Amino acid sequence: MEEVPKLQKLAKKKVKGLSKEDHETRFDMVLALPDRIKAIPDGSTAASNQSGGWGTSSSNKKIKFDSSEERFGSDFYQQTEESDQFRQEYEMRKMKQDEGLDVISEGLDTLKNIALDMNEEIDRQVPLMDEIETKVDKTTSDIRKNNVRLKKTITQIRSSRNFCIDIILLCIILGIAFYLYNALK
């Protein structure tokens, strides 16, 4: 009952996609809610009337336990149609919840089996991965060695080629100089 004012404030707020009629219907339902709650018999008011007013009083501070069987007869725990409906709805929802939990449990069992299979496969793949890693490391080392040797070879070829070009250019310059010397003489 304490939450009804909060619920009324929330019902007053506008909501996107809600028509004006729906909004008014919603607010009317919230206003009617306290009366509907009070209309539901829960047995607590009848029990306090039957017990002779077992409330606390300032003059009598002793607690009295009365275990007479007449107070707990069939009238005390009499079920109403609404309480029967509530119990049936509770049992139905509990059954649906149990079914849902069973489905979730089966799904978790399936996932567990898949995870165990994956773990076994990984355990089988580890030696292969180690072997591949060893081969990759060896190949990388061989490639580095070959790159160093290739660099040395290219440097040697380049230097010998440059030497040949230098001799050819020197011969051409000497030929031009000899031609000029003969032409000017």
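Don't overthink the numbers, they just go from 1 along the chain as shown.
The backbone N, Cα and C atoms fix where each Cβ goes, glycine too.
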The residue range that TrEMBL labels region 'Disordered', out of 1-20, 21-40, 101-120, is 1-20
Using DSSP three-state counts, the residues of the domain 'T-SNARE coiled-coil homology' (91-153) come to 63 helix, 0 strand, 0 coil
